[in-house]
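Have a look at the structure below before the remarks.
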Amino acid sequence: MDTLTLPRPDDWHLHLRDGALMQAVAPQAAAVFSRAIIMPNLQPPVTTVEQAAAYRQRILGALPAGSTFEPLMTLYLTDKTSPEEIVRAAASGFVHAVKLYPAGATTHSDAGVTDLLLCYDALAAMEEQGLPLLIHGERTGPELDIFERETAFIDDVLQPLLDRHPRLKVVLEHVTTAVGAELVTGDDPRLAGTFTPQHLLYNRNDLLVGGLKPHYYCMPILKREADREALLEAATSGHPRVFLGTDSAPHPRGAKESACGCAGCYTAPIALSLYAEAFEAAGALERLADFAGRNGPAFYGLPVNPETVTLERAPLEVPASYPGGDEPVVPLRAGESLAWRLHQP
């Protein structure tokens, strides 16, 4: 197979940041994706419908003339999120989900949830409104090994949450473990999972062996090879509730290449090429169209994009960096050649 045509894809987990960085990276994502679930972890976080509306307008204002890219907005769940705000979000027409960051789990998560029991009424309202909860599934705390955070979260937080809220739709985002992969490919119709290109392609050796590679560093951190294999099997299985979510997370080069580097891999401009590489390695290229273009809309109750794109087997030279406003952004696989690229008519 030398070409693959699929519905124009959506990204169900995307960071666009704000300010000059957003002005630079939003057009790069819009060139690849039709829609994207936009993460709310700004400073300050997007916690109200009013803030989400303003952020949406800033994103739309950063797009080139004629762009049809649609930002699907989210709210940042806090201990104080009210049921009334959830009702307003569901009625807005542009807020499509609420994001759970456990406090301290990742970039700009300090305002995150400290105890889900404090969010009981908001989560109950989400059940009533059919608004999905998107989860950064890591437990935090000094006693937890960083490589065990996801499995601890599933056992100690996620399962009790699902039991307490039997009608709540949940997306376990950026699944990184075999335990998580098994969970989201189970029989629970409320539960879906997104998979990033880096977690399908790489393990923790790729991050650490032969020198620390800051542009492979993300949260949740890359795991064991056995986990990567389980993720790839799940993502390429054809299961209807697994779909594309890059977690593309731009940081200025200096914030990554430092003594205390930020977590996040920048992949949006090359994401489809990376996913094609992973799916081809699994012998499942024919399943990429559902993963990238159909499963996500089905879970969110949205139409599949009528436009199509075509991947072709031809070298794609990844640039050393992309424009990032005040400072360049270095992508994953910078300076390397990928085997698949989007066909440019």
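Glycine residues also receive a Cβ, built from the backbone N, Cα and C atoms like all the rest.
Some features that Swiss-Prot has for this protein:
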- ASP247: active site (ACT_SITE)
- HIS13, HIS15, LYS99, ASP247: Zn(2+) 1 binding site (BINDING)
- HIS15, LEU16, ARG17, ASN41, HIS136, HIS251, ALA263: substrate binding site (BINDING)
- LYS99, HIS136, HIS174: Zn(2+) 2 binding site (BINDING)
- LYS99: N6-carboxylysine (MOD_RES)
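Known features from Swiss-Prot, placed on the structure.
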{"residue": "HIS13", "record": "Zn(2+) 1 binding site", "Cβ contacts under 8 Å, 6 or more apart": "ILE37, MET39, LEU134, GLU173, HIS174, THR194, THR196, GLY245, THR246, ASP247"}
{"residue": "HIS15", "record": "Zn(2+) 1 binding site", "Cβ contacts under 8 Å, 6 or more apart": "ILE38, MET39, ASN41, ASP247, SER248, ALA249, PRO250, GLY264"}
{"residue": "LEU16", "record": "substrate binding site", "Cβ contacts under 8 Å, 6 or more apart": "MET22, VAL25, ALA26, ALA29, ALA36, ILE38, MET39, ILE59, PRO71"}
{"residue": "ARG17", "record": "substrate binding site", "Cβ contacts under 8 Å, 6 or more apart": "VAL25, LEU42, PRO250"}
{"residue": "LYS99", "record": "Zn(2+) 1 binding site", "Cβ contacts under 8 Å, 6 or more apart": "MET39, PRO40, ASN41, THR74, LEU75, TYR76, LEU77, LEU133, LEU134, ILE135, HIS136"}
{"residue": "HIS251", "record": "substrate binding site", "Cβ contacts under 8 Å, 6 or more apart": "CYS262, GLY264, TYR266, VAL329"}
Quick one: largest C-alpha distance among HIS15, LEU16, ARG17, ASN41, HIS136, HIS251, ALA263, binding substrate per the record, in angstrom?
19
Give the number of CB atoms, excluding that of HIS174 (Zn(2+) 2 binding site) itself, located within 10 Å of its CB.
26
Sort HIS15 (Zn(2+) 1 binding site) into helix, strand or coil using the DSSP assignment.
coil
Count the other Cβ atoms sitting within 10 Å of the Cβ of the residue listed as 'active site', across every protein chain shown.
28
From the centroid of the CB atoms of HIS13, HIS15, LYS99, ASP247, the recorded Zn(2+) 1 site, which same-chain residues not already listed sit within 8 A by their CB, in sequence order?
LEU14, ILE37, MET39, ASN41, LEU134, HIS136, GLU173, HIS174, GLY245, ALA249
